[in-house]
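Lifted from TrEMBL, the feature list:
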REGION    16-44  region 'Disordered'
DOMAIN    52-309  domain 'Major facilitator superfamily (MFS) profile'
TRANSMEM  88-108  transmembrane segment
TRANSMEM  120-139  transmembrane segment
TRANSMEM  145-166  transmembrane segment
TRANSMEM  178-200  transmembrane segment
Amino acid sequence: MRWKLGTAAYKRVPSRDAAMDPDLETPAEKTPDGAGGGGAGAGPSWRRSLPHVCVATVTSFLFGYHTGVVNEPLESISADLGFAGNTLAEGLVVSICLGGAFVGCLFSGSVADGIGRRRAFQLSTLPMIVGAALSALTNSLEGMLFGRLLVGAGMGLGPPVASLYITEVSPPSVRGMYGSFVQIATCLGILFSLLVGTPVKDIDRWWRVCFWVSAVPAVLQAIAMEFCVESPQWLYKCGRTNEAEMQFEKLLGPLHVKSAMAELSRSERGDDGESVKFSELFYGRHFNGTSCRLCRIFLLQCDLISVLP
């Protein structure tokens with residue numbers, strides 16, 4: 001049977017008559033986004049999840065910014081804080097941020113699973129705001145190091161959560177593209193930090209402004225996260241199925257909620273399968289695969305080292 005589009009209503013006619021009538025057509029199902037064609041089979045729109053992904057990548061932008069923010073003004077910082085010519089102190093100012101990031105990333109997974117992705121983002125902005133303020137206001141080397149250490153803790157906590165969150169809120173068709181936003185934002189942050197630090201030799205104590213600038217995106221992200229969706233996967237794991245469906249509806253549209261929940265249920269059943277201990281990677285049936293991968297990585301590094309000057 002086919003549908004004939006009349007002036008007031010659809011008229012159902014036999015399929016054989018439909019094949020002979022050129023005026024008959026099968027209407028395309030409209031999506032809530034206004035795009036026709038295929039309904040649920042056409043896949044969810046990427047527009048719904050894009051704002052949430054962009055807010056999440058701010059933390060990667062801050063990672064890049066704080067990585068490069070001391071490159072230009074390091075000479076001015078050392079002169080103002082009284083450690084000019086002390087290469088050890090200068091090296092600590094640059095690198096202690098990454099030390100804090102190492103500590104922060106160790107807890108990123110447990111924090112994201114414990115309080116949710118949105119709250120984890122907001123928590124990561126707190127040490128970055130406080131650390132940036134301390135670095136901008138300090139008059140001593142110790143204050144600068146402590147501020148940079150706090151900033152590093154937020155840097156380590158935020159980007160792993162961003163990668164996880166983007167994967168969980170993105171439609172499958174654009175998940176890989178959205179995942180690349182993390183690295184793009186990091187590179188943009190480094191470039192922006194170099195741009196902001198350009199006037200440091202012409203304007204006295206401009207390096208303090210460089211640190212204050214970094215607090216602005218962190219504050220904006222903390223506020224914007226209040227309007228972003230929570231991860232449906234996290235809600236589902238917490239047993240909040242109805243809330244997970246509501247978040248999927250915001251991200252994918254109402255036509256794709258059931259399929260997304262079914263896929264989520266299948267993936268959760270797969271996660272509940274046989275567990276593997278970390279120690280089993282070094283003996284037993286999992287050892288061969290692990291050792292082969294490690295050998296390949298080692299040989300690849302040897303080849304890279306051999307071509308370096």
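Glycine too: its Cβ is placed from the backbone N, Cα and C atoms.
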Top partner of the transmembrane segment (120-139) among 88-108, 145-166, 178-200 - counted as Cβ pairs under 8 Å: 145-166
Mean predicted confidence [pLDDT] for the domain 'Major facilitator superfamily (MFS) profile' (52-309): 87
